[in-house]
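*Asks:* Sharing a structure below in structure tokens format, with a few things to ask.
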Ligand SMILES: [Zn+2]
């Protein structure tokens, strides 16, 4: 029997709340009318489990002088040192964290507290496929071992300008290609909820680091679900912004038309504040949008948690195809409970069908592989990165790439090269583009009649290490929930919504909320209310919950 | 701002970023190595021809154009050549196509580079809107249809001068298609007007350059040129002879120079032509096997390479060896004056084109195109037709319209009311000679069109003599100033007053009694002597007509 809603640890630490009166449903629970009408939520007292914004707490503490940025940095660094040997979230840890923290303290000491940026003193993990000027940036690939870019990615530049401190570079599947982070050329990252499981991928290091409170927030990248699936696996909040919302300048391209830099954090508010800091048009990325970036922070302040039905009348479409066979029953149960919770908040939840949904996965793998085969051509050993000694040009190319790239990357380059070859282009690339258009249209239709769409973030909870290693097709199938969103270029927020039994204290499940293009604000508002009113779930992994330095 | 920062970071590193960016030379020859020329003056086709005709260096094998023509036309009795040209024009925008690096020809290797044009991880291209403007200008000038929505594509292949492993280009939807170009063949090649079709124009970026070590054991990469914007212009296979092809290229050069989109300099590689040549027996509708010729660094090499290639193919064909004409790329060897095999085509290269996802579609509005259209200058063809209508000879027309600076000077001069033919003569005669001697361009001289018009008017009105006019001209060319000022300053106004001239004549006759005696005794040749003396006395200002008339009267007067 599954304990879908709560981890055993949460059970032991916090009083169980009554929302668990909903019994786990069988796999066929497709009709929402099966659910009994839910009792109003007792939201008056925010329960201890609701995550508070670390960013806002840090800012308040710094301004009040109750803690210094250096003390904060030291506490995160000491936890990092403690947990990192088991987790391996980071490929590189910065040696200038304390120096940056000291600069913030100096500023405060000089009375410049008012001028502190919104991310002052916030420890940020940066996925290693995002360029940083003062640290190696490898993309998780041996071909870029020890490569140091001469510039910061725009997202990194912006977060630094706002006071954020980059803790280090987080592990990932090589160039973002994978769903377990086992595809890293350097190390395997563990899931803080169960060290024998993967953190998901490809932003596994970023999710694991945030989950284990090695940093406050982190940057990930999401081409087919690489922020959202690891957020789900690690029990953190993950946001994939609208394509073009965040500049891709400095993100090592995997599939340029799908790649988005995303945010991970332990609360929706943190993710929203972080997104605001890194968003906006960038003259160095022609695909970055000129859409105005709303101030998400004021949004969280204005949300009234005391209202009994704060989301009254909000139309939510549950994507029917995401609860088909192939989705773990525990995940389905958690999602069904989340649906119930949303109804309790006043949402009107209806099932919607996206007829082209199942076509997304093959279309995605063709398009992403095609673009990656081109994007990875620059890693040729001529100008930078790994170069094998050769006395002939073709051997230089072949040997450098053969020894620099890992097997998954090679496979995708081969697939993509094939799909773009003369005579196959129409059958593969062109058809996949047509499917993409269909998917975009079907999302548009669904979002015309719904405020948001919801689905699981992944069909299962975190895999055991090695489980998918020799079964790429099954790993690819795990991306079914997320790839369609990238093809449509829409924003999606993953919020932890429950647990499935497993590991020492249960394994988290994430709920994916999909919005219309550039409607991140709506997703963040709903996500925040959902998270703040979710009862009895505390998404702090055992690794940290046991650590007395946390909170 | 940011890119400047990047560049500083990079420049701080050694010249070649990766010490091991050295690789063995792979292909025996690299066609795109252009030698730098010491002087910056750029040749036009006409100048090039003039120079050749003057050079009579016997050690060089040079076929005089006329003879070459005869040979080709003799062969042409049985065969017809079909020639198409792909031209790459390097745009003279301030910055590269997709980054903010400036490009200057001949700069130290790897000093005009940034993360974008080096293809560093994470760098993205952003289109320089000037590239579109140049493309639209050229498209309108070549009477093309514009694609109001076009896109960029990636053309993929590996080569060390191509940093990203793909070239950003346009594949199936070029910015312009279906145009034409008009030109007049030079008179020494028989003259005649031609119109050749333009298949398409598309935008793309240039690659870097490989520099091979002296002993060929390694190569180095210079990425200065990587990312410099190019327009590729593909002609229809409409040309039939070498001279038609080289004149096509020369006209393209004129057009891009008139438009100001490129300096069109072939020696620097700003205008590069790859030529496709095939032959077929007259009357055969199908094309023969085409051969591509590269390494054509001047208009005359285009002409000679094609005529050589036509002869080669015709010889093979007429000897029944047409199977030895294979689809290949041949290299023009300037020294040996022949084409040699560079590489045989092994099937069709698969560049795996696909739409460039980093760049949005290129959308043109009608307003934009109209505004660019309005900004176009008068183009060479229109200028030639206008000059022709003014009554100038084709020789004059071709000379004046060849160089936009000269044409502008001429136009400005006649706009100031100068006589058309006289203005043309001054420009093509004394001014051109001066420019040639001093190795100057017409824009470098101190003479302004207004003063040339003034000079012509002053001579026409008789204010100054033609001889004095020339003196003033050289003064104006070298030092500037005004015609009026110089005339006043040097007191050069022609003396036309009968009384004044008569006084001078009388004085000279009175001072030369011996000569007068000789004259009157039959040595009438001495009239010249007397005229010279009077002219000298007048400091060259005496009106020669009046002077001579009076002189003859006085000399022959009955005593
Ligand atoms: Zn550049």
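Using N, Cα and C of the backbone, Cβ positions are placed for all residues, glycine too.
The feature active site, charge relay system is assigned by TrEMBL to A:127, A:202. Annotated active site, acyl-ester intermediate per TrEMBL: A:226, in sequence order. The domain 'Amidase' feature in TrEMBL is assigned to A:72-524. For A:28-50, the entry in TrEMBL reads region 'Disordered'.
Can you tell me where each of these features sits in the structure?
*Replies:* When secondary structure is read from DSSP and collapsed to three states, residue A:127 (active site, charge relay system) falls in the strand class. Counting every protein chain shown, 33 other Cβ atoms lie within 10 Å of the Cβ of residue A:127 (active site, charge relay system).
Just so you know, the Cβ of residue A:202 (active site, charge relay system) picks up 35 other Cβ atoms within 10 Å once every protein chain is counted.
Secondary structure at residue A:226 (active site, acyl-ester intermediate), taken from DSSP and collapsed to helix, strand or coil, is coil.
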*Asks:* Cα-Cα separation of residue A:202 (active site, charge relay system) and residue A:127 (active site, charge relay system), in Å?
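*Replies:* Their Cα atoms are separated by 9 Å.
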*Asks:* Limited to the domain 'Amidase' (A:72-524), I'd like the whole-number average of pLDDT.
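*Replies:* Taking every residue of the domain 'Amidase' (A:72-524) together, the mean pLDDT is 96.
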*Asks:* When you measure from the Cβ of residue A:226 (active site, acyl-ester intermediate), how many other Cβ atoms are you left with inside 10 Å?
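*Replies:* Its Cβ shell of radius 10 Å holds 37 other Cβ atoms.
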*Asks:* Rounded to a whole angstrom, what is the C-alpha distance between residue A:127 (active site, charge relay system) and residue A:226 (active site, acyl-ester intermediate)?
*Replies:* 11
